[in-house]
Amino acid sequence: MASTTTCTRFTDEYQLFEELGKGAFSVVRRCMKIPTGQEYAAKIINTKKLSARDHQKLEREARICRLLKHPNIVRLHDSISEEGFHYLVFDLVTGGELFEDIVAREYYSEADASHCIQQILESVNHCHLNGIVHRDLKPENLLLASKSKGAAVKLADFGLAIEVQGDQQAWFGFAGTPGYLSPEVLRKDPYGKPVDMWACGVILYILLVGYPPFWDEDQHRLYQQIKAGAYDFPSPEWDTVTPEAKDLINKMLTINPAKRITASEALKHPWICQRSTVASMMHRQETVDCLKKFNARRKLKGAILTTMLATRNFSAAKSLLKKPDGVKESTESSNTTIEDEDVKARKQEIIKVTEQLIEAINNGDFEAYTKICDPGLTAFEPEALGNLVEGMDFHRFYFENALSKSNKPIHTIILNPHVHLVGDDAACIAYIRLTQYMDGSGMPKTMQSEETRVWHRRDGKWQNVHFHRSGSPTVPIKPPCIPNGKENFSGGTSLWQNI
């Protein structure tokens, strides 16, 4: 049974042996539990190199792996924290990658492909039943329990996996491996369990012919193919594949996630559950030959990436491997895992909450405003005559005496927002704020101010803790005195833009 231990040192219970693999800030080594002599694989994470957000991801991975107990999933047996290191103790799987095993076989048929994808679907179905979305299904994460003939396929690496409630669809960030990304992720739409089924469709396609359904050296063109669902079954290699196999692929590679087949439904598909009578038993030598080339290509790219990450500072390596928009270069597009929510999604979150705050101001909704602002909010603004304003009373005055009593339409635009993320729970946004309104004579007016807001996240909610506004104060409502019977808007207080 998996357990979290902090009181017992890993070195007291386990003996370490040779290295099995290496990541950016982790290494996997064979180990033995001293009291029992049982062998495992220990993933050793150097926690000194992790940010607070990386720590959260590590905790999430351990939590998810403890939950999943299935014959087709690599099992987590122990999770141990020490000073500077965290140890995840997994099953020792010795059979290597599924795709490497296939090319070494003397005989490989459509029925064998059906058996492979069935085991993958069993693992995915178990994940989905437990509210887990893997998000990174690909050949590198499909291992064999041993080198014995007929060894079980094991799904590995839950580093990108997320927890969802039921059939929840939400934006969990841009994460996965380019060739296996679903259309909804590429469109930045809310997503959920169906992303795993899309990846299963890509994997099944490769299992049958040895090459992927979507491929282009240019990543932009690759993504366009995926979003359009632009794949086909070309001759002659697909001529010998049964219609039932193609039907299952079509159901998996359905662009609309709501109409995409689920894991439980796929397991009931005739090509899976009636394999002996439906799937072809003909040996597919061309598939094996193509798969050898496919394996060689992804292994070369994987080796290049590993070398770069192992020989450079990790954050520097990440920046070298990424384009300005946070997406990896196309030379790594076939098998490089990417996770981009740390930048784009978090910045968008800050812009969105800033817009919500301004909407509360425009609506004169002080209650909504106070929910978004810290009670000790500080501010510099022209109306405070250079003084630092602290607390909500200064702002309450305008809400109660002007904003809530105004029924004039107001429209605000945020121009050129720039967000700086300061750690995991703080951010700063600078922007130009344009406010359009109708003056007392019915003429349209526009006010401009330059604003900076500092946000802090507490208990999962962003709160505005400070803002600084510059610009000349102007009054969008009728002042108390109108000399010569004319309205004067040259001075006074900006009742919409002072908060």
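Note: Cβ is positioned from N, Cα and C throughout, glycine not excepted.
Here Swiss-Prot flags Ala2 as N-acetylalanine, drawing on a large-scale study or a structure entry.
For 14-272, the entry in Swiss-Prot reads domain 'Protein kinase'.
The number of other CB atoms found within 10 A of the CB of Asp136 (active site, proton acceptor), across every protein chain shown, is 24. Secondary structure from DSSP puts Asp136 (active site, proton acceptor) in coil. Swiss-Prot lists Asp136 with the feature active site, proton acceptor.
Looking just at the region 'Autoinhibitory domain' (283-292), the mean pLDDT is 91. Residues or ranges marked as region 'Autoinhibitory domain' in Swiss-Prot (evidence: similarity to another entry): 283-292.
Summarising the annotation, Swiss-Prot assigns phosphothreonine to Thr287 (among others) and lists experimental evidence as the type of evidence. Counting only same-chain residues at least 6 apart in sequence, those with a Cβ under 8 Å from the Cβ of Thr287 (phosphothreonine) are Tyr108, Leu207, Leu208, Val209, Gly210, Glu237.
Annotated region 'Calmodulin-binding' per Swiss-Prot: 291-301, in sequence order.
Annotation source Swiss-Prot lists phosphothreonine at Thr306 (among others).
What Swiss-Prot lists as phosphothreonine is Thr307 (among others), and the listing cites a curator's inference.
What Swiss-Prot lists as phosphoserine is Ser315 (among others).
Taken from Swiss-Prot, the feature phosphoserine applies to Ser319 (among others), supported by a large-scale study or a structure entry.
Here Swiss-Prot flags Thr331 (among others) as phosphothreonine.
Annotation comment: Swiss-Prot describes Ser333 (among others) as phosphoserine.
Summarising the annotation, Swiss-Prot assigns phosphothreonine to Thr337 (among others).
The phosphoserine annotation in Swiss-Prot covers Ser404 (among others).
Among the features that Swiss-Prot reports, phosphoserine is placed at Ser490 (among others).
The phosphoserine annotation in Swiss-Prot covers Ser494 (among others).
Counting residue by residue with DSSP, the region 'Calmodulin-binding' (291-301) contains 11 helix, 0 strand, 0 coil.
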